[in-house]
């Protein structure tokens, strides 16, 4: 990827956002889900699944953030952002189609995930090295 302040800013914002959201889900899964209007039971297995996803999101966030500072990681970081944000967005749309309306909080999340995923797609096409 070509060096760019805009690309760097995109990766920093997306990385920090994912780290923050992932840490929230990891350490306070009940509060995290309540924010979207979802009641999460305090059963150990369910909480473990919620926390595991939070940990994975933190890991992706770190990778994306590192891409802002390590040139060799910027391409991989941009792809990771696309996969994570659009992957969550598409999965939620599938859930919407199969399970019905998940509520306003989740719908807002879907929109945000697609917006950030498309920003990462923009960054990929704008700043990738032409071969």
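Cβ atoms here come from the backbone N, Cα and C positions, even for glycine.
TrEMBL lists 7-27, 52-70, 77-94, 106-125 with the feature transmembrane segment.
Within the chain, the transmembrane segment (52-70) has long-range Cβ neighbours (under 8 A, six or more residues past its boundaries) at 7-9, 11-12, 14-27, 29, 32, 76-78, 80-81, 84. Under 8 Å from some Cβ of the transmembrane segment (106-125) lie the Cβ atoms of residues 6-7, 10-11, 14, 17, 36-38, 75, 78-79, 81-82, 84-86, 88-89, 92-93, 96, all in the same chain and six or more residues away from its ends.
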